[in-house]
Amino acid sequence: MWRPSLARTATSCIRYNNAFHRPHGRLTLHAGAPATLRGLVRQYATQPNEPVKTESKAAEAPKFTVSSLLGPSSKTTSFRKIIGLAKPERRPLTMAVGLLMVSSSVSMSIPFTVGKLIDFFSTTTPQIPFGLSIWQASGLILTVFTAGAVANAGRAMLMKMAGQRIVARLREQTYAAALRQEVEFVERSEGDVISRLAVDTSIVGESITQNLSDGLRAVVMSGVGLGAMFYVSPTLTLLMLAVVPPVSLGAVFYGRYLKKLSLQTQEAVGEMTKVANESLAALRTVQAFNAQQQEGQKFHQKVLDVLTLARREAVASGIFFGSTGWSGNVTLLALLGYGGTLVSRGDISVGDLTSLLLYTVYVGNGLQMITSFFTSIMRGIGAGTRIFELIDRDAIIPHEAGKPVDPSHRGSLVFENVRFEYPSRKGVEILKDLSLDIGVGESVAVVGKSGSGKSSIQALLLRYYDPVEGRVTYGGEDIRDYTVSSWRSLIGIVPQDPVLFTGTIASNIAYGNDEATREQIEDAAREANCEFIWGLPKGFETEIGRMSLSGGQRQRLAIARALLKKPAILALDEATSALDATSEHRVNDAINRILRGRQTTCLFVAHRLSTIARAERIVVLEDGRITESGTYRQLVNNPDSRFRALMATQLDAAATQTSLPPTEALEEEEEFEEEPVEEDLQKQRA
Ligand SMILES: Nc1ncnc2c1ncn2[C@@H]1O[C@H](COP(=O)(O)OP(=O)(O)OP(=O)(O)O)[C@@H](O)[C@H]1O
């Protein structure tokens with residue numbers, strides 16, 4: 001089915017090096033297309049009313065839903081883990097707490113000193129303790145204040161740095177966790193993983209350090225302040241305490257509410273990031289369709305969601321801080337009124353009342369800081385829950401479970417009665433009882449209509465997914481018994497749209513193969529017909545970002561990358577987009593060389609006749625089943641073969657697409673073919 005948004009998406013994919021292609025008139029999306037786009041196409045490719053289901057292994061795998069995260073056990077676990085994160089920072093944090101004690105003691109001595117100074121200046125016979133002169137006393141006070149300030153600065157710096165290190169560790173852990181998940185999970189929650197990485201980690205880091213530091217300071221301020229107040233006047237202190245419990249209770253409720261809001265906000269920010277990611281990745285299409293306003297509107301909706309939550313938080317915090325401020329001021333007034341009476345009766349001095357009032361302000365501030373500390377810890381727990389869910393998530397296809405496979409091991413590759421459906425589309429069978437036996441060093445080309453399941457076979461081979469039923473074996477052993485990493489190290493892949501990373505050509509060929517020497521890299525490049533590299537001014541040191549590579553060059557680089565691994569199995573997913581004659585020849589020549597080597601078992605997803613004809617065996621895949629198998633000759637020579645029908649349809653479609661009569665299209669195609677294909681094609685057309 002076709003919807004306008006699909007149209008936009010489809011065109012956008014052209015930017016991704018022909019992520020969408022129209023092989024012979026049909027619109028398809030190949031494996032290299034961005035996950036979000038593939039997801040969209042799958043979604044639109046389903047029946048209009050068919051819900052696109054979520055994670056199939058729901059029962060086994062944890063899901064990211066707000067409700068699942070609010071469970072009581074997750075709160076405490078998250079809290080414990082957040083505290084656990086601070087453990088490696090024990091030393092700087094202990095030092096910071098020591099400095100905090102110094103700076104807080106100095107600040108807490110201020111009201112007392114002020115009270116004493118007022119009494120000193122308001123009496124007729126002033127007396128300085130310890131027989132100090134006024135200058136000595138002033139010097140001492142200044143020294144103490146300076147020491148307090150230095151301690152405060154040290155505390156702030158130590159806490160900040162510890163916090164940043166915690167955030168850095170947390171980010172690395174989260175990123176590593178995302179990298180080891182099965183592709184399906186990350187591809188489907190792409191933006192969300194990024195928001196966890198960027199936003200949630202900062203919130204957690206902030207909550208444990210900056211706020212921990214302020215929180216501790218607040219506890220010291222309130223505790224010492226209260227003690228000092230009791231010392232100066234127990235009655236007045238009790239009066240003040242009448243106000244504190246209700247405010248504290250309010251703080252607890254406020255904190256809880258805030259934690260819930262914070263979690264919802266993080267989810268909403270995640271959604272917002274996803275929308276932005278998607279349209280920015282497809283900016284060419286957005287602009288080509290003048291859809292900026294439409295995209296802006298979509299984003300606006302997500303921003304509104306975030307804003308609504310922020311508004312709720314603003315109202316709650318307004319009410320909370322307004323009422324705490326009000327009760328604080330009223331307490332102060334009550335203290336002043338009652339304290340004034342005590343002074344006039346001569347029960348306490350003016351200096352004592354001043355100290356008391358100042359301590360009240362300190363205690364009030366301290367309590368307010370404790371509240372924000374509490375709320376920020378709650379926010380941290382909310383964000384932490386999301387992060388720890390990811391960090392602790394066990395990938396459905398775990399990386400290190402199983403035994404390592406010997407890299408020199410060679411065996412036949414067998415798909416045994418494989419039934420497969422994608423976890424996101426439970427119930428839709430992609431491969432139905434598929435059996436395929438590939439001998440050591442054999443080359444098999446899988447051909448079939450778009451959507452018949454060719455790439456899915458390769459996805460199973462690479463263990464991006466596991467079969468729902470049946471198994472894939474190598475040398476008689478289920479590949480699930482091997483560790484994923486050792487298994488994948490046996491396989492070289494050449495995807496439809498090879499991804500090249502920022503860096504030099506050499507580093508791209510040696511991707512995932514850090515120990516490769518320059519000689520090995522050059523050998524692989526030579527074997528893959530990448531002669532163009534030698535013609536570049538900087539050769540292998542050319543930065544990929546600085547040059548634009550043709551489709552054929554990208555494919556040959558990908559072949560070199562795969563060959564460098566000296567793979568036991570080569571999985572090649574041939575691009576359907578047309579290459580010019582020379583490029584196609586160079587690519588085919590490289591493939592030919594691999595086939596001739598007979599060292600490597602080759603599983604091709606093939607579209608071009610020139611590649612198909614080179615395989616020792618061709619299997620025709622139709623609707624998830626292998627319906628025909630044989631050598632190229634056998635299949636072409638059989639007038640009723642499904643292979644012939646398939647190829648004829650593809651050629652006709654190609655001819656229609658180029659608006660040439662079929663015969664002319666065929667002739668065009670023939671120009672690229674070599675013996676024996678040309679001859680066979682003519683027979684087939686006849
Ligand atoms: N990750 C995925 N999640 C859900 N469905 C998917 C996924 N990838 C592919 N599909 C669906 O599985 C079916 C088979 O897709 P597959 O990519 O294996 O076909 P193909 O024969 O390789 O097609 P093409 O020649 O166009 O690349 C299609 O219906 C496709 O929409």
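Positions of Cβ are set from backbone N, Cα and C atoms, glycine also.
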Kindly point out the range from 161-178, 215-232 that TrEMBL annotates with transmembrane segment.
215-232
Mean pLDDT for the domain 'ABC transporter' (413-648), rounded to an integer?
88
For the transmembrane segment (134-154), sequence-distant contacts whose Cβ falls under 8 Å of one of its Cβ atoms, 6 or more beyond its ends:
95-96, 99-100, 102-103, 105-107, 109, 113, 128
Can you tell me which parts of the same chain pack against the transmembrane segment (215-232), counting only residues 6+ beyond its ends and a CB-CB cutoff under 8 A?
97, 100-101, 103-105, 107-108, 111-112, 115, 240, 348, 352, 355-356, 359-360, 362-363, 365-370, 373-374, 377
